[in-house]
Amino acid sequence: MGIRRKKITVVGAGFTGATTALMLAQKELGDVVLLDIPQLENPTKGKALDMLEASPVQGFDSNIVGTSNYEDAADSDIVIITAGIARKPGMSRDDLVNTNAGIVRSVCENVKKYCPNSIVIILSNPVDAMTYAAYQTLGFPKNRVIGQSGVLDTARYCTFIAQELGVSVEDVRGFVLGGHGDDMVPLVRYSNVGGIPIDTLIPQNRIEEIVQRTRVGGGEIVNLLGNGSAYYAPAASLVQMTEAIIKDKKRIIPVIAYLEGEYGYQDLFLGVPTILGGNGIEKVFELELTSEEKAALDKSADSVRNVIKVVQG
Ligand SMILES: NC(=O)C1=CN([C@@H]2O[C@H](COP(=O)(O)OP(=O)(O)OC[C@H]3O[C@@H](n4cnc5c(N)ncnc54)[C@H](O)[C@@H]3O)[C@@H](O)[C@H]2O)C=CC1
Ligand SMILES: O=C([O-])CC(=O)C(=O)O
């Protein structure tokens, strides 16, 4: 039996989906299927072919096809869902809930049918609630249904810390807990540069500004773009998660995971630190939190629960 390349389907060929497809192929993580609605079949095929024609220049051997037919996605190892509408200035992510819940559910019906053994990563917003909707529709075990927020939120946080200190982004460590909304919880106590705690290097008022800028980091980009939301850093985040799974790297990454008692929460999807490997979410770390940190996480969990209630009907 030959060794088969991994197959990765990206549903939604818009800004985030197309960027993700190209980055996945450039890293040769597998063959990529880019899938959008039938009305956009030709543009989707065109994007995929254009990416493929970059492969001789950049020297990557991943195949990329565009389609609107789930048969082309059959038996994918990983499915990344970016389908849905994005917010515009003045909107919150939660304003997208009804439209995107319908889209995510219809996509997941197909994923369940054509890719029953896949690991599914959800990006569509409001992502904590969309991951919940996907989990309900897919009926997959919880380790195989994963939402993306923590990698992106942490990336923003680490960017701002590196800028503040004028140090390499490679040496910044930290992470963000909670829902993908304005009350997410960057954990300052667990943040360091080259092992040196940031609160010994950055004054408290500047740390607070960095935390606040991180919380509204998505909105900052939405306001600058004017007609859509971020896609380069979101795509890079999806690729990091995909790589951790495909290479079974067992990376410690904050992702949106289904909680059944962890941190005291039941039947909730929320951003928490996990081990991400070949089986998807292999472990959820339950950190000791101070009473202040726990209160902030409770507030974020309450916001997520309110949006989940909408998808629960
Ligand atoms: N969780 C996160 O950190 C982030 C989430 N997002 C979210 O990701 C989503 C996509 O964002 P963009 O790519 O910028 O939007 P976009 O509008 O550029 O692309 C969305 C694509 O989904 C497609 N689509 C709609 N219904 C579909 C269906 N039933 N099947 C297949 N494809 C379908 C559309 O035709 C469109 O091409 C938005 O909901 C956005 O809010 C974006 C960035 C970060
Ligand atoms: O802000 C948005 O609507 C898109 C998103 O989730 C992000 O960039 O964090």
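Just so you know, glycine gets a Cβ as well, placed from its N, Cα and C.
Marked as domain 'Lactate/malate dehydrogenase N-terminal' by TrEMBL: 7-147. Secondary structure of the domain 'Lactate/malate dehydrogenase N-terminal' (7-147), assigned with DSSP and counted as helix (H, G, I), strand (E, B) and coil, comes to 72 helix, 25 strand, 44 coil.
Under the heading NAD(+) binding site, TrEMBL lists Gly12, Ala13, Gly14, Phe15, Thr16, Gly17, Asp36, Asn100, Leu123, Ser124, Asn125. In sequence order, Leu35, Asp36, Ile81, Thr82, Ala83, Gly84, Leu123, Ser124 constitute the residues six or more apart from Gly12 (NAD(+) binding site) in its chain with CB-CB distances below 8 Å.
DSSP gives Arg156 (substrate binding site) a helix state. Within the same chain, the residues at least 6 positions away from Arg156 (substrate binding site) whose Cβ sits under 8 Å from its Cβ are Arg213, Thr214, Gly217, Ala233, listed in sequence order. The annotation substrate binding site is assigned in TrEMBL to Arg87, Arg93, Asn125, Arg156.
When pLDDT values are averaged over the domain 'Lactate/malate dehydrogenase C-terminal' (152-309), the model yields 98. What TrEMBL records for 152-309 is domain 'Lactate/malate dehydrogenase C-terminal'.
All chains included, 28 other C-beta atoms sit within 10 angstroms of the C-beta of His180 (active site, proton acceptor). Taken from TrEMBL, the feature active site, proton acceptor covers His180.
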> If one looks at the chain holding Arg87 (substrate binding site), which residues at least 6 apart in sequence have a CB under 8 angstroms from its CB?
Replying inline: Arg93, Asp95, Leu96, Asn125, Val222, Ser229
>> Could you state, as a whole number of Å, the largest distance between Cα atoms of any two of Gly12, Ala13, Gly14, Phe15, Thr16, Gly17, Asp36, Asn100, Leu123, Ser124, Asn125, the listed NAD(+) binders?
In response: 17
>> For a Cβ distance below 6 Å to any atom of ligand 1, name the binding-site residues from Thr16, Asn125, Arg156 that qualify, or say none.
In response: Thr16, Asn125
>> Restricting to the chain of Thr16 (NAD(+) binding site) and a gap of 6 or more, list residues whose Cβ falls under 8 Å of its Cβ, or answer none.
In response: Thr82, Leu123, Tyr231, Pro234, Ala235, Leu238
